[in-house]
């Protein structure tokens, strides 16, 4: 039985995760904490793994607390940068048995979309990413879209492809999206949407569209459970769920 603490327990995703932990026979809810609650409750409750769906401005202090107290962490909170990853790696040097998983998306369909995009990238001259989310999302573009674009860019470099063709000389600010290592990324914020992504590839006489849709926050649950069940066997920092799904 894995004792699980949920941070952001009253949030949209957090409430879904709490409900899953409470009904999953292999998991036990040790603590359900939200803004203002004392993290020491995690230690007092002998928590094995923390699931964090909080806010970008609080996630780093949460992760540091977990690492210093020997608690594994499964992180779905967004707003990660390379500097933040380096901070976590540094903290983990003093706690080599602790595992931290940071995943830009826990929906297995989204993880597969990123993998499929990486496979397709070397075969097309052009690639662009469009992500769609609800209007309450704080960051743009999403971590999933950035991660997708980075994978495409890496695959293009390894294949020796040239820069994408684009003769645009004049444009309104933002019309061509954000440039992520040479891959344009566009963000849509729209009422009624949850989390969706399209990756569009094009080359001579043909195009390929890969699309993923999360219609409900239940879509994140299977991936989170996999992370919780496997994190103890994967010490150190893991970025993305791919390794835990055998896709790396």
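For all residues, glycine too, the Cβ spot is worked out from N, Cα and C.
Summarising the annotation, Swiss-Prot assigns NAD(+) binding site to 8, 9, 10, 11, 12, 13, 34, 76, 77, 78, 103, 104, 105, 106. Positions annotated as active site, proton donor/acceptor by Swiss-Prot: 133. Annotated (S)-2,3,4,5-tetrahydrodipicolinate binding site per Swiss-Prot: 134, 143, 144, in sequence order. Feature annotation from Swiss-Prot assigns active site, proton donor to 137.
Annotated features, which come from Swiss-Prot, shown on the structure.
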| residue | record | Cβ within 10 Å |
| --- | --- | --- |
| 10 | NAD(+) binding site | 13 |
| 12 | NAD(+) binding site | 12 |
| 34 | NAD(+) binding site | 14 |
| 77 | NAD(+) binding site | 22 |
| 103 | NAD(+) binding site | 26 |
| 133 | active site, proton donor/acceptor | 23 |
| 134 | (S)-2,3,4,5-tetrahydrodipicolinate binding site | 13 |
| 137 | active site, proton donor | 17 |
| 143 | (S)-2,3,4,5-tetrahydrodipicolinate binding site | 20 |
| 144 | (S)-2,3,4,5-tetrahydrodipicolinate binding site | 27 |
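DSSP assigns residue 144 ((S)-2,3,4,5-tetrahydrodipicolinate binding site) to a helix. Maximum C-alpha to C-alpha distance over the listed NAD(+)-binding residues 8, 9, 10, 11, 12, 13, 34, 76, 77, 78, 103, 104, 105, 106 is 21 Å. Sequence-distant contacts (6 or more apart, same chain, Cβ under 8 Å) of residue 105 (NAD(+) binding site) comprise 111, 114, 142, 143, 144, 147, 195, 220, 223, 241. Apart from 134, 143, 144, the (S)-2,3,4,5-tetrahydrodipicolinate site neighbourhood in this chain, defined by C-beta within 8 angstroms of the site C-beta centre, holds 78, 104, 105, 131, 133, 137, 139, 142, 145, 195. Checked against residue 34 (NAD(+) binding site), the recorded positions 133, 134, 137 differ in C-alpha distance, with 137 being the nearest. Distance noted between the C-alpha atoms of residue 137 (active site, proton donor) and residue 77 (NAD(+) binding site) is 11 Å. Within its own chain, residue 8 (NAD(+) binding site) has 14, 34, 52, 53, 54, 55, 77 as residues 6 or more apart in sequence whose C-beta sits under 8 angstroms from its own. Rounded to the nearest whole angstrom, the C-alpha distance between residue 10 (NAD(+) binding site) and residue 133 (active site, proton donor/acceptor) is 20. In this structure the C-alpha atoms belonging to residue 133 (active site, proton donor/acceptor) and residue 12 (NAD(+) binding site) are separated by 14 Å.
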